[in-house]
Structure formats: C-alpha cells, structure tokens
Amino acid sequence: MSGASVKVAVRVRPFNSRETSKESKCIIQMQGNSTSIINPKNPKEAPKSFSFDYSYWSHTSPEDPCFASQNRVYNDIGKEMLLHAFEGYNVCIFAYGQTGAGKSYTMMGKQEESQAGIIPQLCEELFEKINDNCNEEMSYSVEVSYMEIYCERVRDLLNPKNKGNLRVREHPLLGPYVEDLSKLAVTSYTDIADLMDAGNKARTVAATNMNETSSRSHAVFTIVFTQKKHDNETNLSTEKVSKISLVDLAGSERADSTGAKGTRLKEGANINKSLTTLGKVISALAEVDNCTSKSKKKKKTDFIPYRDSVLTWLLRENLGGNSRTAMVAALSPADINYDETLSTLRYADRAKQIKCNAVINEDPNAKLVRELKEEVTRLKDLLRAQGLGDIIDIDPLIDDYSGSGSKYLKDFQNNKHRYLLASENQRPGHFSTASMGSLTSSPSSCSLSSQVGLTSVTSIQERIMSTPGGEEAIERLKESEKIIAELNETWEEKLRKTEAIRMEREALLAEMGVAIREDGGTLGVFSPKKTPHLVNLNEDPLMSECLLYYIKDGITRVGQADAERRQDIVLSGAHIKEEHCIFRSERSNSGEVIVTLEPCERSETYVNGKRVSQPVQLRSGNRIIMGKNHVFRFNHPEQARAEREKTPSAETPSEPVDWTFAQRELLEKQGIDMKQEMEKRLQEMEILYKKEKEEADLLLEQQRLDYESKLQALQKQVETRSLAAETTEEEEEEEEVPWTQHEFELAQWAFRKWKSHQFTSLRDLLWGNAVYLKEANAISVELKKKVQFQFVLLTDTLYSPLPPELLPTEMEKTHEDRPFPRTVVAVEVQDLKNGATHYWSLEKLKQRLDLMREMYDRAGEMASSAQDESETTVTGSDPFYDRFHWFKLVGSSPIFHGCVNERLADRTPSPTFSTADSDITELADEQQDEMEDFDDEAFVDDAGSDAGTEEGSDLFSDGHDPFYDRSPWFILVGRAFVYLSNLLYPVPLIHRVAIVSEKGEVRGFLRVAVQAIAADEEAPDYGSGIRQSGTAKISFDNEYFNQSDFSSVAMTRSGLSLEELRIVEGQGQSSEVITPPEEISRINDLDLKSSTLLDGKMVMEGFSEEIGNHLKLGSAFTFRVTVLQASGILPEYADIFCQFNFLHRHDEAFSTEPLKNNGRGSPLAFYHVQNIAVEITESFVDYIKTKPIVFEVFGHYQQHPLHLQGQELNSPPQPCRRFFPPPMPLSKPVPATKLNTMSKTSLGQSMSKYDLLVWFEISELEPTGEYIPAVVDHTAGLPCQGTFLLHQGIQRRITVTIIHEKGSELHWKDVRELVVGRIRNKPEVDEAAVDAILSLNIISAKYLKSSHNSSRTFYRFEAVWDSSLHNSLLLNRVTPYGEKIYMTLSAYLELDHCIQPAVITKDVCMVFYSRDAKISPPRSLRSLFGSGYSKSPDSNRVTGIYELSLCKMSDTGSPGMQRRRRKILDTSVAYVRGEENLAGWRPRGDSLILEHQWELEKLELLHEVEKTRHFLLLRERLGDSIPKSLSDSLSPSLSSGTLSTSTSISSQISTTTFESAITPSESSGYDSGDIESLVDREKELATKCLQLLTHTFNREFSQVHGSVSDCKLSDISPIGRDPSESSFSSATLTPSSTCPSLVDSRSNSLDQKTPEANSRASSPCPEFEQFQIVPAVETPYLARAGKNEFLNLVPDIEEIRPSSVVSKKGYLHFKEPLYSNWAKHFVVVRRPYVFIYNSDKDPVERGIINLSTAQVEYSEDQQAMVKTPNTFAVCTKHRGVLLQALNDKDMNDWLYAFNPLLAGTIRSKLSRRCPSQSKY
C-alpha cells in the first residue's frame, strides 16, 4: 500500500452570526467530489473548480439530503484511518482553514453525542475494537501525548511539571521528537476523554494568562497504538506500532481580515510562518512527486524545507513520509471571506498531489518469521501440487530445516538488536516504536542504565568532557539514557506514572481554585447544583466554560500566586494585582446565599461592562472581567432556580452570554462606540488632508507665479538683445561692399534652391489640418457613409498632372514664378460605397466639412428619407461622395519636370482629378450611345434626379445639391511616353513602353510604331481589326513655344541647373554633397549660354549637320503613329481604349476604339493608325529631338458597386499601408528625481556623432556572497533583445557598460542618476498611469582598462536595485506563465564640456521565478547555442545601440532659425467628438513626406529607363552612329554619373550635373567615332587610380616598395569635391578610395567635409579586442573650436532599433593593422549596421559597424599588396580593417551586402573584360 496519495476532504460550514448580519452570499458550490467557488467581485468570471477525494456540504440543515453530518465525515475518513492503524501504519489527520471555518468542530465536535468530531469517535471506536478482540495471542497498549505549538514554542498540556518550553531534538533513528514530552498510558476511552479535557484546561489557563486563543496555536494529539502478538510455534512476541497524529492547525487568517495589531500581529506572523512553511513543504512535495515519473535522479532543487518551522519538523513523517495522511480543509461559504477560502482550496489542491510511502511498522524478526512461514507454506503447496505431499511429514531434510530454522530464530532473538541496528541503518527515518521496544531485551542495550555503575558513568563523562566536543557528547549520552530509560519502562510502570501525573495535575488545578468534583477529580464536564461558582469565557468556544471556580462560604480571595496571603483563586497575567478582589458569600435571614464582589484598591474589575470600585451584589448570569483578559460568568444555581420558579416566562437572552457578548458590553458601557470612533478618526484625517493639500496648492501657485515672472523677465531680455543684434546686423549689411554679378548669380541660385524646399511647409499643413480630417472621418463613421479620408501628397508631373483646383491660389502663376514641379497636400477620398477614389484640396475639405456638420445636425430629421434614397442610389445630396469612376487609370511612364506638366494638366487632366466638364467626360458622352448595350447610363447621377439628366448633373454647380461631384465612367489606367527622335534620320521604330500609374506601378505595356511616310502613303493592312483615321494637321508655332517656354534647355537634363531638379525637400541637400563656388560658376555659365539657344537660329545652326534633307524649314512632313497592341493589363479593367497627343496641344486627343479585356493573357489588338502632317519649324525639330508623345490608357472598372449592390463596410477606417514597417515604440526617458527639470534645448549643428554599444546586466546575490549576472533568455533571436530571468526576493544590482570609439570630444565625467520606473506587464507604456520612480544608489562608475593598442573606450557603472521599494505586485510576486514584466531604465550621465547630461533609456523585459527555482536557458536555446554560451555569464546581458550626437546650441537670434522653430500645433492629438469610433486610425504625418519622396524617385528611375531604352533602340538601328549632340539631349542617364556610388537618386542627379558641367565633352556615351579619346581618358583615369591605391594606403597594412609614376593628385581629382562623391572612373576601380582611414591625402578635403560625414561606427567589445581602430588624421572639434564654444555642446542620444531583415550572415576573417594574425568572427548584416559576434552560437552583440558612415574598399592591387586573396577593406573615421571571405563568390556576396552599388560597379567592370581575365 505504499505510494498512496494524501486523502483530502473539504467541508463548508453554515453562516455564522457575523456573516448573517452582513447578509453574506454563498459562493461555494459542490457537486459530487467537485467544489467550485465564485468570485463575488467579478460574477461574470467562470467559477474556479477543484476536485478532491471528498466534498462535504454542511452549509444547510440536517434535513437537507446533501447535508454531511459528523458521522458521515468520520465514516469516510476516520474509519479508514483507524483501519490503517490496526494494519500497522502510521496515521495522521489534520484540519486546515481560517479562523472560524469549522476546523475544531470537525476534529473535536461538541459534547452532544451526535455532534462528536473525528477525534472522539476514532478514540471511542479504537477501544471498542480492542475490547471486541477475542484472539488471546493479541494484546494491545495505548499511550497518548498532547502538546501545543505556539509561536514556535512547544508546551506539554498533560504534565504540569513541564511548565517551560520543551526542546525539539532529532535522533538518528527516531527522527524529530520532543524532549521530555509526557506519554501517558490509557486503558479506556474515558481515560482519553479525561486527558483531552485536562489538556484543554491547561491550554485554557495558559492561553488566558498569556492573552492567547486556541485558534492562534497548533495542537497535536498523538496516540501510540501497539499491537503485540505471541507466536506459539516460535515462542516469539512480535509488535506492530502505529502512531496516530491528530492535528488541529491554527487559523490561516490574514492580518487585515482579523484586524490584528501589535502583539497579535506578531503572533499571527509567527503562526503564518508555520503555515507558510507547511505550504512550502506541501508544494515542494507535490512538485517532487510530479517530477518523479519524468526523472528518477534526485535533483538539488528537491529540497524539502522541513526544518523551517517546528510544526513541519515534527510532522515530517506525516508529510510525504511513513504515514497514511488525511487532510480536512474547512471552508467559509461567505463572499466576504473569498480570498481566504480560495487560498484554502488551493492549499488543499496542492496537498492532494503528495504521495506518502507508508510501511507497516513491525519488528524485523516478526517480518522474518512471517516471510519464512509464507515460504514454507508456498513450498508445501508446491510439493503437494507435484504429488509429493505424502513425504512432507517424514522427510528428514524438512525436519532438519524446521529444527535449524527454530534454532536460527532463537539465535536471532538473542541477538536481534544487532540485526535491528543494521536494518535501521539501511533504512533511516523509518524506525518504529515497537522496534525500539525490542532493544530492551538485549543485555547489551541495557548496560548503560543497569549494569554500568555510577562511578563508571561519571568516569566516562569526565573523559568525554576532557576531549574536544565533550559537551555535545555528554548531551547525546543523556539523550540516549532518557530514551533507553523510557523504553525500559514496563506497562505497569507506565500506568503508575500516568496516575501520578494525573494526581499532580488535579492538585495543581485545585490549588488554582478550579472546582473539584465529588470524587475529588477536576477533570470531566460537570456543573455544581448548589454552590455559586465562576465559569471562564474565552474567545475560542472550545476554551469557554472549561474552567470552573467555586465561591466558598465566607471569603474567597482572587489574586496572584505570589501574594502575601494565600489566594483561593489564582490568576496571572497583565493587570492582575497581587490581591485583586474578594468574593463574600453570606446567607441572609431568608436562607438565601448572597454573593458580593469587593474590588481591591486600584484593581480593574468590571461587572456587566461597568468598572466597580465599591462592593456589588452579584446576580446569576453577571459577566465579570478581571484585568484585561480574564472573563467569567457568575452562576448561582439556587438563585437561578428560584427566579425561574417565580417568573416561569422570564425572557431569555436573545443571544448567548459568551466572551463576545461580554466584550461588546464592556465597550458599550464604557462609552466606546467603535463605529463612531472610526468615523471620528476618519473625519480628522480628512480635515488634516484638506489642510495640507490647501497649503501645498498655495505653495505651488506661489512658485508658479515666481517662475512665470522670472521667465517673462528673461524673455524680455532675450527679445531686447535679439532686436539689438538684428539692428546691428542690418547696419553691417548696409555697409557691405555691393555685390558683383557673380555674387548675385550665386545668391539667386541659393535663393531659388531654398525656395524649392517644402518639408517644413508640408509638415505644417499635415499637422495643422489633421483635426479636420479626423472630424470628417468621425462624422462619416457615425452616419455610416462608408467614406474614408486620408492625407496624400501629389506632385505636378506628367504622371499626375494637377488640375487648377488642387493648386493653391499663389501657385496659379506663370512658369517664371513657379519653375519647379510643386508638391501639394491633398485629401484622398475613398468612396467605399461606390468604389471610387477622389482627391480634394484642403479648402474643398473644409467647405465639405461645414456641410457634413450641417448634415450631422440634421441627421435625425433626414433619417427616414435618407434611408430610402441611400438604398436605391449611389450618389446624392451628400458631401461625402464624389462621382465614382467607371474607367480607371492603370499606369503611366516618367516625364520631364518642366512647365509642360501644367499644360498637360490643363489639357487632359487625370480622371481622378477631373471635373464634370473635363475632356474625358466629353469622350464618355460621345461614346455613350455606342455603349448603351453595356449599361443604361453613362454617369451615376445624383440621388435627387433622374439618371443622366442635365438637372442632376448641374446640382453641384447650382448649389442645390452640393454633396456630389460627377466622375467619368472611364478610369485612367496609366500613361506611357514615346520619343520621336528616330524621325530625324528617318528610321521606323516599334516601341514597347511601360504603362505606369500615378503611383509608379507598371500596369501593362503598349506597343507603338513611329515612322516617317510619304504624304500619299496608305496604311498597311493589319486585318479586320484595323481602325484607321485620316491625316491630322498639327502646327508647331515658334512664337507659341517661346511664350510657353517649351525650350529644349528647360526640358533636357543636360541643360538643367542644380536647382531645377525635382526636390520636395532634402533631396539634393545631402550633407555629403557640397558645391564649391567654382562648380556653381561653371553651371551658371553653361546655363546662361544654353538659355540663348532659342534666340535666332542657334538651334538649327547647332544641329544643321545632323538633320537630314527631309527636315527642311518650311517644308511639309508626314509621319505615322500606330497603336499596335496593349498587354499585361489587369482583367479587372474592361473596355480598354487608348488616346494620345502632343504635349503642347489643347484640343481633342487621338483616340482608339474600346476593346473588351477578357484577361486571358492575349494582347489587345488596337492597330490604330494615325497619320500626322506638320510644317517643319524650329520648334518641331526641337520637339522631336527632346520631347515625347503622351499615351493615356483608360479602362472600365468591371466590379462596379452597382453590380455588387454596394459594399457593406461598417468598420472604421484603418491606417493605410506604408511602404516600410512602422518603427518599434521607443519609451521616453524616465524623469530624474535628483536633477532639475531639463529643458529641451534647441539643437543646432551636429559637430560629431558616436555609435554607442551598451550592455545591460542584472546581477543577483549568490549564496557565495558574489553578485552573478542573471540568466538572459535570447530565444527571440533578434538583436538588442532579451528577457532577464530573475529570482524572487533576492538582492540585485544593475550594471551598464558603454562602449564606443575614442574621441577627444567624448569623455564621461560622472553618472548623475540612474532611475527606473514604469513597471508594467505589456510592452506599451501607459502614459496616464502614475508609477513610482526609484532613484538607484550608484556604487561604482569607472573606466575599464583595455589593451594597450585599443582605440575603444569602456565605461561601466553599477547601481543597487531593491525591487521591493517599488511596492509593485508585478515585481514582488512570481510571474505567471506566459506573462512578462517590463521596466524602463534611464541613466543620466555627465560629459565634459556639455551643458546638460546625456540620457540613455532602455526598456528591460523580466520574468520572476521563485526564490529556490533553478533557472537555466530554455532547452532549445541550449541546443542552439551549445554549452559555450548557455552557461557563461558572458552571454547574460542585453545590448542596446544608440547614436550620440554632440551638437551646438541653436542660434536664437537668426530669423531662419526662428522661422524653422515656429510652433505649429499637431492637431492630430486634439480630441474630436466620435474619434473613439475610429479604432486606432490616425492621420498621416511626417512619414508621408518620405514615402512620397520615394515615389518620386521611383518615377524618375522609370523615366530614365524609358529614355535609355529608346536611345539604345535607336542606336542599334543606326549601327552606333547616333550623333553626340542627340545622345547628350536624349541619354543623360548613360553619362558618368549613372554608375556613381551615391546612395540616393538626388545625389546621383547632382553628380551627373557636375560631370556634365565640368567635362561636357566627356559625357558623349559610346560613339564609335570617339573610341580613341575614350581610350586615352581611360588610361589617364587608370593612372590616377593606381596612384591613389599605392600612395595613400595605410602604412600599417603594408609598406609599398615599388615605385609609381609621379603625378599630382590636384591634376587628376576634382578640387573641393566631397571625397565620397567620386567620378565614374574612380568609382569603377575604387569607389571609396578616399576613405579617411586608408588615404593619407585626405587632409586636402577635411575642412570641406560636414560633421555628419565624420560620424563613425562603434568598435567591437573586449571579447575580441583584436578588432582595433586606426585613428584618422583629422583635426577634432575640440582643437578647432574655442573654449567657450566647446562648452556649449548639447548631447543628444537616440536609441536605434535594428532592422529585422538580414541581408547576409556568415563567417569572416578580420585583420587589424596592429595585429599579425587573422581572427574569425560571425557577422550578420542588418542594414545599416553590421553586427559582429564571436560565433554563430553567440547571442550577444560584440561589435557593430555603421555602414551609413563607413566606406567599403576593394581593388585587385590591394589584394596583391597584402598578398591575401578575397579581401576587401572597411574603414570608418577611426578604424580600418581588412576582411577576408572564403572564396570569390562569397566575397562578392559580402560586398553586395555591405555596399550594393560597389558590388554592381565591380561586376559591371569585370563583365566588360575578356573571358581570360575575368575572375567571376
């Protein structure tokens, strides 16, 4: 029967009086063995269910069929436990629950026989079974002990001699036991009942004297049940000993629920310590049992804390040991006790998982005899089964065996103590009392007490005391003597000892004044019939009426035992005087006994709640309180009997006269009303709080006024000084020398460029109008309009020409006032109901918003009519909707940026912008009759009119129905552009051009043929599908072109100056691109010369040699444009048609017939032929040389919402999809507590930048006294992330290490403060939450020593973190499964020469485990990282990447600065009624500008591709004989700037402009006539690159011994250009050959580099220190700046979140200049950073390289120089390092990951080599 689980039963009691008075509700439900509890605070929450062995419903009355009585509880639990006891097992029953839950009632019950508890019934049945035994061989003995555990002290309740606290000892064989605990022999149930009563009396007396209650102490009643059996065959006696432990645990109440204070609170803490330890033991045992099946090996964590409390120490065998254990959990059904009841249920649920390994406690000899008998029986059965039963009785072997067996058993009996000791040594902790009893039969075991004399014992003690450790030895000797003396006692001696103790106990009680029965005993329940007496009352019902004191005739004195005169009733405790009071019992004349109470002087005596100082006559039932703790009820039997006879109907008290009644009566009579006292105290606290709050508010208001006055004074000073400075500047400007023409040109160029930037203005528009957008969306959602509004940026290009209504009024001017394509902020209106998209201007949005508000106000009145109309129409009198498009634009091709955009916009505006009178609408009107079979209507008209009527279409213009715009049925699919330069020669060309949408998406392809023809030539026969029109005559007027400024210079890239590039803002404004005055001069000169090309006949003179005879001025010329096919158009568009026109024409375009688009992949065959006749003019020649024809493709939208009956979209608008993933939220710094509030200083120019690599560690205190870094879980696999796995309740420290490159500007001075706060269980920060901010104590801050050659700085500081000071439950408890705790940490660090501290902020993720839990990384992590990093503290850290910028303070007096700092309120945060319905939708912000910039760059690239394709097609047709001038005008994309290594399109365009301006003769492309000059140029560039490679390479890497031809760098490289902007030739060989760390000649350009270009990447960590940095030869800002200027630096630290996209990862070999060996490291490229690890198993970032500031170099000469293949170099400002890949392919992949443009350039160069020289 070993391995059985603990039996667990729960029992719910009825409501008590307190719960009934509070009208409590029952929250416990039971069904079978399942128990459920309902949370009264959250009734909707599902009930928590628990399953136990027994669930007893005792909440109702016994009449309930489900009611569980005392007998049922005993029959289920008590009988089973008693049966186990007779079998020889140890048995334990303990009750648990809060105070008043019914534990004692279940265990002890009441005096009524039907309500007896488990203990009385078990004891009674025990003796019934003993008495019913008829086996003469069996004999029984029962011994009991009764002890109390209070505040970790043990008291003997049965022996009055043991007045002190007993010691708990542990014996190697017996285990834990209580020294000197009385073990009394009993022979009947009456003896046990008397001993229980005696123990309760002793417990009551002690508790009353010490102001205790039984509910605050643990009581353990132990019965040692011994069964002896005499075996007649062997003449041996065997024993089975069972120990029955009956435990009544203390209440598990919480301090706040019982109102405990002071001493009571301390006592409760000690009691809860025992219960807490018991809970730990139960949890540990349950966990061990659960893990047994998984792993049989005992772990170090399988420690059971038995010794943490006396209770668990003594009950060790009963909890998971050699015992059969049952637990009864008592529950309160009331909702006010929900927390305690739930805790009890969880306690019991854990207990049922414990398994006990119980064994039968019998002697080894008895076990051996039994096993031998079983073996003999088995052998006899076997012989009989084999047919040899007749020889069993006569076989001599068997007789000999039997004889030898008996002999052996006798020998074992004589020496059984040896076998016993050997057996117990093999099985420690399972020693039985019966086995110890067998020790007495051995002579050797008795020698210590009987055969050894006193002298020998004394000599032994002296010898032991003289040796080291003698005291311990003598203690163990005495302990053994006591045990042996106890075991040697016979049964008769034990009975005599029990009787003597009983006499002493009763004498002691009698001496104390406790009443004596007629038989002389004080025990048992009795009530005197005549004598007046006092009965004690106690808070514990079991202690009430337990003590009875007689009031004898005459005087009965009450006082302390040490009084001068003997006291009849002895009391002790606080406030009891030596002579406290006197009871006088006198008989009156009538024979009635009158008892009078006379209090002594200064004694506290109360009668019925009133303090008495004079004699008082007592009546039966009076309550008497002596001192503070002794409460009695006076009983006068005769007086009570007489009163009942006089008044039979006397009223009985409405409630029992108990201890609670007496205490409440005392408070009432003393005038103490607890409720009033609490209310009075609460009012006092409220008054005090209001007073202090008023004082604080007054002080705060006074301080605010003081600060405001100071700020106003300072502001006046600043304004006065700024005004004076501006006046001085103006005066100085007037006195300056007048500008020269060149200076005016430079100023004009700069002003035009500055004027073209719009970033700030666009942002102001987005911020300022966000509130209108939000309000429009909110009204749309509330009115269920299914219309969404969002910001969009539109640029006036040929892809998306803007109609006049979207242009602001100030932009509608001539081209001279607006020379650049402008970007406007518009509103994208998505009509989800009609499937249309419109674009409104901001003014139109505001106008419509007024109408929306009016409609919203009239929504109730229009509800009925609007509902009908909205179901039958798709448009109507609704400001939300514009007319939707039936044909949609698919795509378009790129175009130039001149004013033609505006002309094209006026001629053929995009359908999405078109008005009701647009050309596209007219086209739809013309084709309406032909498409009547397709649809009945050509337009969707307003709701209030008939379809297609003029009235309905004019509603908006007339103002009757201003809510709808008419939209065409055809939607623009896209645009394509075809150039006509082949007409110059003439040669026919067939173009396949991309159809590109306004967003830059390719929507299909269009095949167009352009050729020159004779005037009378007929169109070819294309088949039945041909659609042919006649010859159209078009004029190209020179005057018109001049007025319209359609010049070739304005439309060609070669003639554009820098400011005429398309710029939103920041484009072309890169800090790395600096245009020196010489370059500007050249550009302006070229621009001025080009601007005169149209004057006179310069155009024709310049191109006269290249134009054929067919293009003579004034002659007629005819050419043909054939629209062949369209392919790749999405099937959602039907009825596709195409129209085309010239850029300058405003009349009707040339259009094809619509074709059905079945979407099967077959091209749409238009085969539309259009002959065009023109008169040749200079404008026409210029047009065909530089300008295209625009083709617009339109389509019909198949999935029309009328066919789908509208879209039922009731969800709020969602945020639009972005082009890049949104950045992770970054927490704001935690405010400092010791520093003054830092103002957000306006930052000026950044002087230098540093990349910081920061390590965060949390260390915990280990048992060794050292702080070890806590384990970090890196399973997420992303950089700069990790979860700290911490222990609960352990001291911690936070360590932060900052790593960066050395720099003279950056020096950490001190750590001003480290603050932590924002404790939460989710990553997002709740700004509204009020959280305590904790400032940590900095214990160390210092620089760490690194290697001698290290160019990195390591700064580390450490702080003490006590998480309990946060007073946060999240930090104090064990984190539930699946939950994580987040905390924000901010470090304020002081830097030299900075006016304010720098702030490093990090969000830390943590999980808390129990204090004793063994934490290790997850299994998958260990298998992934291996043993090297899963166990090393080196991996227990979380990294962070930061960018530190040291900036100047901004110039407050500059008007430009004041303009840029103008305060534009971000209205997106303003509340709008109904915005809560938008479900997270937000207006677009600054990111929209960047996305639009990307769109423009994408369109620019598409445009360049189309132009290049046309140029290559024409060159192929002409056989590479295309003139140079035409290549200049048509193909700037093939100039040297195309292969530049610049990273943005703007810098590419700038480079192209510079190259064409400086060396216009060198950008001629691949003309066969210039091969020789090209070869010479290549030779010159190769010489330059060779000189750069050999002369400027770092001296640390190699020493160059070869000689190179002497050529000056100034003669080759462009002067004053930024080194990062290299020419075509240099980019081909060494794109970044001017890297500062690898070029010695970089000093020529240092002063021209911006500070942003000087920022660099941080170096790796100390773990691979060989990653050194080579300092650059550069003058730092510290040396260049003045002292006062340098002190004005402001640090700005921004956390960088690495990208989750991995470009490449793998191993690379690193070599530093100062090291001779190569080091292998694992590298991961997450642009723009390169992360360096020690290996692929390393979870911690050891170093980073910022690719945005680093330069990558590669050349074959470099590899030959270092004599190592597959190498390339990476250099930053302070470092240069060589990297080696595995092979050529791997190196090429790494180069592509590091610098894609460089890799592409190298591939392009190598592909042009001959195959014999190709390496790839």
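Using N, Cα and C of the backbone, Cβ positions are placed for all residues, glycine too.
Computed from a predicted structure; not experimentally measured.
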TODO: According to Swiss-Prot, one residue in Ser613, Ser945, Ser1057 is annotated as phosphoserine; name it.
DONE: Ser1057
Open item on the list: If I look at Swiss-Prot, which residue among Ser442, Ser1454 would I find recorded as phosphoserine?
Closed with: Ser1454
Open item on the list: Annotation phosphoserine per Swiss-Prot: which of the candidates Ser1535, Ser1556, Ser1573 has it?
Closed with: Ser1573
Open item on the list: For the coiled coil (470-502), what's the mean pLDDT in this predicted model?
Closed with: 69
TODO: Compute the C-alpha separation of Ser1487 (phosphoserine) from Ser1416 (phosphoserine), stating it in Å without decimals.
DONE: 43
TODO: Using all protein chains in view, find how many other C-beta atoms are within 10 Å of the C-beta of Ser1487 (phosphoserine).
DONE: 14
Task: Where Ser1487 (phosphoserine) falls in three-state DSSP terms - done: helix
TODO: Could you tally the C-beta atoms, other than its own, that fall within 10 angstroms of the C-beta of Ser1416 (phosphoserine)?
DONE: 13
